[in-house]
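*Asks:* Provided herewith is a single structure, encoded as structure tokens, for subsequent inquiry.
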Amino acid sequence: MGIRSKLIAFAVGIAVLVAVVFDGYVVKTLGAELGQHTEADLAVRAALVTESVARARDLASEATALAATLSERAGARVTLIDPAGVVRGDSSVAPERLGELEPHAARDEVADARHHGVGRSERVSRTTQMRMLYAAQRLDRPDGPWIVRLAFEPVAIDRSLSAAHARVVQGTWLALALAVSAALVGARALSGRLVYLTGVAREMRGDLSRRARVQGRDEIAALGGALDDLAESLERSRRELGGEGERFGAVLESMREGVLVTDERGDISLVNPALSQLLGIRGDAVGRPPIEVLRSASLHELLEEVALARAAATREIEIAPAAPGAAGPPGRRILVVNAAPLALPAQSRGAAGVVAVFFDVTELRRIEGLQRNFIANASHELRTPVASIRASSETLLGGALDDPDAARDFTEVIERNAARLHRLVNDLLDLSRIEGRERPLSQGSLDLAAQAEAAVALLRGRAREKGTEVEVDVAPGTLVTADPRALDQILTNLVDNAIQHTPDGSRVVVRARGANGRVLLEIEDDGHGIPAAHQARVFERFYRVDQGRARASGGTGLGLSIAKHLVEAMRGDISVTTGAAGGALFRVTLPGATAGAPR
Ligand code: ADP
């Protein structure tokens with residue numbers, strides 16, 4: 001039932017109720033009042049009529065005529081009753097029929113009047129058979145107490161009452177009409193604003209910035225105000241939540257660690273870009289089960305375990321290299337996964353969602369491996385000369401000292417190995433200083449021709465011993481930006497290698513040319529060169545192409561490694577290839593310099 005119908009029903013109800021109460025109350029009081037009034041009036045008229053009757057000389061004979069005339073004047077039926085209770089005159093009864101009337105002495109009003117002087121009653125007349133109001137008065141005459149009685153038919157009262165009732169009914173209809181129109185107008189005013197508010201509330205669902213802004217101070221205006229307040233606070237919460245969500249999203253986006261979240265069903269609910277990249281996940285993983293998306297059985301196992309046990313766990317997993325053409329990083333990856341149950345208050349029982357964070361430790365593990373290798377290699381390198389020294393000294397002490405030739409040989413072995421140890425230790429120290437950036441490089445503009453010439457000059461003696469010819473073909477004035485000691489060490493290591501690892505009578509050339517702000521330095525020999533498979537690895541520490549031969553030549557296996565570190569520290573580049581003559585061709589690029597640049 002709409003507001004309009006309710007209001008109309010209410011108004012009609014009120015109007016009808018008022019009409020019924022009014023009708024009952026008014027008609028009743030009016031009836032009573034009219035009755036009292038008529039009674040009093042009848043009593044007065046009875047008194048007046050009695051006075052007229054009292055003036056009659058011979059009442060018994062005049063009674064009939066008196067009754068008729070007085071009835072006309074008093075506007076009521078007049079009955080005259082003699083002391084014996086016999087009706088002597090009655091305006092409503094023909095004189096000849098008076099004799100038929102029974103004696104009236106027993107009538108209530110007559111009996112009352114006889115005893116108390118006046119009497120009254122209201123009853124149906126046995127004579128006229130109509131409802132009548134009676135007022136009687138005693139008139140004391142010499143022949144006894146006569147009774148003058150007036151009777152009045154109260155039709156006028158009834159008529160008045162029904163007229164009043166009819167008015168009330170009419171008034172009720174009018175009131176009904178007015179009430180219905182008032183209800184209609186009221187309902188329109190009320191429901192119009194409510195319909196408006198309902199519309200606004202519906203619009204707010206799509207657009208929280210919508211406001212009702214209802215004018216006024218009534219309840220509907222208050223409702224509108226409350227609705228506006230609600231929308232306002234919802235909008236604020238949504239803004240705050242949105243901000244939180246954006247921040248959360250930005251954090252996930254920019255994290256370098258991979259993040260994976262599963263829901264309580266075990267399906268993926270979140271994957272951040274770092275993880276997609278790391279695991280080579282293509283397309284949208286959200287909503288899919290992890291087994292479909294992840295390329296690792298042990299990762300899947302870990303997620304299930306954490307979800308069921310509801311306890312955090314860490315595992316190191318390996319991800320196989322992505323297939324050619326597939327997404328994901330090439331090569332095997334080692335990942336440390338920290339998985340923890342996602343403690344949502346709603347999930348108190350059963351499997352929990354899981355949040356897993358992935359750290360790519362491939363590089364870390366590689367470096368750890370290198371370190372382990374390095375220590376093993378270094379110990380191995382040191383062990384050989386130390387063992388030789390010990391063996392020789394033991395032999396000497398065991399008696400060889402007495403044989404001057406043998407003593408000399410063994411002492412030479414000791415000296416050679418001590419020198420080797422010395423070189424090794426020096427190289428290792430150099431390497432650790434360079435790697436630890438302990439020796440700061442002072443970069444400045446250097447003349448490459450002069451530097452190369454100086455480095456080669458110190459090696460010419462050794463070269464000559466092997467019949468090797470070293471040529472420096474660098475245009476004077478070729479300037480590089482470098483540290484003089486570092487550049488000297490690079491040149492020495494490369495030229496020394498070229499002399500050392502080539503057959504006797506070889507030829508070594510040091511060349512340089514500048515282009516695009518860089519200087520390309522080349523050291524080429526015509527020896528047996530470095531096989532392509534080893535070219536990338538000769539820069540590793542202790543790496544030798546031919547372990548036995550190289551070690552016998554007295555090298556430490558660290559020279560190229562030191563050279564590479566130094567070149568890179570000076571923002572240069574080093575590589576090796578096979579030259580046109582089939583020998584090794586080392587290429588070093590260094591930043592160029594212009595004349596006058598600060599040293
Ligand atoms: P080493 O002290 O043994 O020379 P390096 O690090 O300087 O150590 O060199 C590493 C390895 O590279 C050498 O053992 C050698 O096998 C190879 N090598 C370096 N330079 C040359 C070259 N000019 N010709 C052939 N092989 C070379």
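For all residues, glycine too, the Cβ spot is worked out from N, Cα and C.
Note that the coordinates shown come from a computational prediction; the quantities given were computed from them, not determined experimentally.
Okay, so TrEMBL annotates it like this:
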| type | residues | note |
| --- | --- | --- |
| TRANSMEM | 7-27 | transmembrane segment |
| DOMAIN | 188-239 | domain 'HAMP' |
| DOMAIN | 244-286 | domain 'PAS' |
| DOMAIN | 377-594 | domain 'Histidine kinase' |
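For each listed feature, how buried is it and what is near it?
*Replies:* Long-range Cβ contacts of the transmembrane segment (7-27) within its own chain (Cβ-Cβ under 8 Å, at least 6 residues beyond either end) map to 1, 161, 164-165, 168-169, 171-172, 175-176, 178-180, 182-184, 186-187, 190.
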*Asks:* What does the DSSP secondary structure composition of the domain 'PAS' (244-286) look like, as residue counts for helix, strand and coil?
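*Replies:* The counts are 18 helix, 9 strand, 16 coil.
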*Asks:* If you average the pLDDT over the domain 'HAMP' (188-239), what number do you get?
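*Replies:* The average pLDDT of the model in the domain 'HAMP' (188-239) works out to 89.
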